Amino acid sequence: MWTVQNRESLGLLSFPVMVAMVCCAHSSNEPSNMSYVKETVDRLLKGYDIRLRPDFGGPPVDVGMRIDVASIDMVSEVNMDYTLTMYFQQSWKDKRLSYSGIPLNLTLDNRVADQLWVPDTYFLNDKKSFVHGVTVKNRMIRLHPDGTVLYGLRITTTAACMMDLRRYPLDEQNCTLEIESYGYTTDDIEFYWNGGEGAVTGVNKIELPQFSIVDYKMVSKKVEFTTGAYPRLSLSFRLKRNIGYFILQTYMPSTLITILSWVSFWINYDASAARVALGITTVLTMTTISTHLRETLPKIPYVKAIDIYLMGCFVFVFLALLEYAFVNYIFFGKGPQKKGASKQDQSANEKNRLEMNKVQVDAHGNILLSTLEIRNETSGSEVLTGVSDPKATMYSYDSASIQYRKPLSSREGFGRGLDRHGVPGKGRIRRRASQLKVKIPDLTDVNSIDKWSRMFFPITFSLFNVVYWLYYVH
């Protein structure tokens, strides 16, 4: 029993030992050990001249490009640029770096890249770029046995993107990344997208706050300069702006403020303070929205789509304020002459009101009338020459002081006394009617202006919105 258990334990212990012995033997015979790799790398770098391109004097070097887009951090309309973070990989074949005896790829320290020839690639529309350096410089160099070199970088670049903002914010923009050789012409180097359509990855995973990436396109071409023809690769992003932010921040507030300005049509026309305050407030609010929007956009010479909408809202708000100015002009007077005449009438009325309380009595107790008072009590062609009833009680008054809202009882008694003695009262009634006709405006016209405005403004503003959105959306 013990012997069987001992043998089983021995067998279990001997298996790992045998595996370790096999592994050690294999490791000792493995050519890819540290010393052999070190010798291989030293041999490759010994006598290597980074000043000369691969196959110098022969055919051009084919450099393949691959891009893995990590993020598009910002798209700025003010600066006309966008910021892109990517993993940028270049690959080419350098026969001077081929090796044998090691069936493995050699991934070396990033500092080895400073000892090897690399393409003089640059971004044509670059404004500011940098290679990330945390915690070490984000570079990769990998050698293949056939001499293929893979060179990778993690780069953040801010590239120029010229935008057409005529349809802003209902626009689509094309932002490109131009990759070109700075010094080598097509006689020395050629660029191509390594992997065809799969050369660019990660685009579908990108999410932007104000844009959606509709499509992207890769282009390979040659450009001619005075110094020769140079290879160029272009990666173009088609960005469609999301309208949701602008509806909440610009379109909806502007629409509500325009509708708010129409409230004045339902306010009584003699409430000047309320209607003027409402009109001025809405005008200033629209001005503030327009000013804030201009600060977030470049100073461009053409009119944008959002400018047209804001100007339309501003016109409707301003016309609502002018509508009350027109109503006020009709209701309270037709020009400065009317205002001057009303002031003179007011001062004359005050003077005559004071004189109405004065009564002149002769020695017999009769009330006397002055020449002006006699003229005021007669019609155009009829002249009062005397008073038939010396006991009649008369008060001096002026026709200019007739108040149609608060008639004096003493004047009515005096009028009846004159009518009783044969002095006609129809002329006086006609004078009062003519004065009432001049002083009281036609309230029906004022009400009709507000009434028609309540229908005209909403209908025209709705038509403006229909035309605007149909034109710019489709």
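Note: Cβ is positioned from N, Cα and C throughout, glycine not excepted.
Feature list (source: Swiss-Prot):
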- C161-C175: disulfide bond (DISULFID)
- N33: N-linked glycosylation site (CARBOHYD)
- N105: N-linked glycosylation site (CARBOHYD)
- N174: N-linked glycosylation site (CARBOHYD)
- 1-25: signal peptide (SIGNAL)
- 26-245: topological domain 'Extracellular' (TOPO_DOM)
- 328-451: topological domain 'Cytoplasmic' (TOPO_DOM)
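DSSP classifies C175 (disulfide bond) as strand under the three-state reduction. Once Cβ contacts within 10 Å are tallied over all protein chains shown, the glycosylation sites N33, N105, N174 are led by N174. If you measure from the Cα atom of N174 (N-linked glycosylation site) to that of C161 (disulfide bond), you get 8 Å. A separation of roughly 13 Å, to the nearest angstrom, links the Cα atoms of N33 (N-linked glycosylation site) and N105 (N-linked glycosylation site).
Residue with the densest Cβ environment among the disulfide-bonded residues C161, C175: C175, by other Cβ atoms within 10 Å.
Separating the Cα atoms of N105 (N-linked glycosylation site) and C161 (disulfide bond) is a whole-number distance of 39 Å.
In three-state terms derived from DSSP, C161 (disulfide bond) belongs to neither a helical nor a strand segment and is classed as coil.
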